[in-house]
């Protein structure tokens, strides 16, 4: 059976047993911030097992995509060198949420594996393990299924603590847990290894193919196990492993799925498929990279993006080992889509995007590799000993995006090691700097703890009455606030919108007889709305009835910008591709800011197309439709939800442009798209790797922006004595004249340097037949000094040269050594000494080096170092 047939057979089998087929969840866990990537089938059902979520079904079956690379579960360094380690794998699973338990789970597993209708595995080839004290499971296997006792193994606490066992599973130190039973396949005595529980169990003869976890206890902090009222089942069978068994091979890389990827990788690289470890690395990594990018991860220098970058660069490195010329990795995506696109449609939908991201990262890595190697070479040139300092490793990582494992590979090739402790110290220092930079003061609002909820009545209008439920001053609950005092007011109901979803909180005022409280901002604490402000007059007390009035002009201006972000989001997905997803936003009364996933800068013509598309929807003046429904119905209608956002049972769906934009949103919006008036992008740029930002204005601020631009054009035209119509021609003429003058200046500098070179050559000192020259040349930049050193090398023959000068209050230094002397002394060594003398740094090649510093008063001392440097070396 092919891998795709096995996957479908598994899902169909459990559908026939009353299970609901559930699609694989994203590789980015939606409900577990502690998890880097989805790494097991049960991840998406965690809240079901904890009793926090109820679904419409109590039986489920999935083929879950999983990644293990980075974090606690990290197989990266083993991939390619063993038969069964992967960064990406599929986990087939069946789950029971308080429905069936051990008996049915065991019988289902045995039936699927051994019956003639399904996989037809020889029963005598299967071994089973159970937890040592799980007599119930043991009896089901032996007395009902009929597994002989000699192929049953009880596994005790083999990890040094109670319930610490290969056959006892726990979600954590406390919480749901229980025994598990595992099924092993015996590949035969021609392969080394012993049965589970034996000293030789790590061999490849007996391979675990299916694990059934029985969650039947809740472990409390004292270590006591208490029976769960509704026990559950969580099972997992690796598709790659069961495919290897059914296809009669002993390595996952020999199954049909991997063979097609290995062949595609060999074609892309230009090598033969001969089972090389590096080729296996590439074939494995295209799966994890393709699926991670399809799920919205982009290469970066932190978090999930950094893990993705490491995997891509590891694949590129291994491709280069096999002789790849130029970028190749992105060319394997088509084979991945052909192999797995039917089961996972997101691969087909995102194929072009995946290829672009990979190609872009490959090209960027080639530049990084070249630049990083130059820096590393400079540091290694002056290395004393065989350990690369931690600060060097950190500089390569932090400044140049050089993965630490890549630096380690280069070090190993040169019989060097890394100062890993030093690197960790640098990393820790960076974390401390980041923490101290963000800890700038006490946020008293974070201390506010409120019981009860505020009902929001602001969709219907901008005013309403409310009762004061609580008052806070500097985070402390108080009974009253007097004139001049700042505080927080909580009402039972309010028209004030609380900051959420990127939209700022409303401002306005609360009034009662003899009282006015100016509301400067509104936020949320749980279900309560916090009105932040100051008492302008009178005294505000708990229980008081107040009239709440929102600043309607600010609310309306904010609504224009919020509605425009929805139109912009839809336009981005239409013009740039469906890989675009919102990463953050800020909406206030003056502007909008929208962060989104995209791997490259937006071209000017694309920005114009975005503006045109949004303004076209504004001119259509279509009604903004608002509907409240349940989350599943909303998603079925195509409504976009923000990743990681928690939604209640009822959600608010906003539709604009007759379906052009459909999003879940609780913010305030315009009634018709025409109310926005005008949309104008003011800036676009990158804020992080794979994340771009657009800032824009709407309505009156957009018109003011265009008027300002018009006025600046008029002023620019006036400066060049032209008009708006001929401004570009005038500027072009000025730039061309400037280029001519710069060229003439360079020619004059070259003549002056040549003349100076003749004079300088005569002042060189001879040391053991070698000419040594150190001279001060103020006013020349680094480029001019380099040219002068080259000229002096030709004039002097065998020579050591150090030139320096002061330009713009900074010291510029250039050192040169003729090629015949570089085996005895190096320009980089001389430069490091000279630059240090003027309070700076420098380095370079053995024959030419540059540097500089800030202490101009020490320049002559620095130049004086050239002669003793040469004397000592010669």
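We number each residue from 1, going along the chain as drawn.
For all residues, glycine too, the Cβ spot is worked out from N, Cα and C.
The Zn(2+) binding site feature in Swiss-Prot is assigned to 562, 566, 665, 669; the stated evidence is sequence analysis. Taking a C-beta cut-off of under 8 angstroms and a sequence separation of 6 or more, residue 566 (Zn(2+) binding site) has the following same-chain neighbours: 654, 656, 661, 663, 665, 669.
Of all the binding-site residues listed here (562, 669), it is 669 whose C-beta has the fewest other C-beta atoms within 10 angstroms. Counting every protein chain shown, 24 other Cβ atoms lie within 10 Å of the Cβ of residue 665 (Zn(2+) binding site).
Each of 503, 559, 563, 565, 624, 654, 663, 667, 668 belongs to the same chain as 562, 566, 665, 669, is absent from that list, and has a C-beta within 8 angstroms of the C-beta centroid marking the Zn(2+) site.
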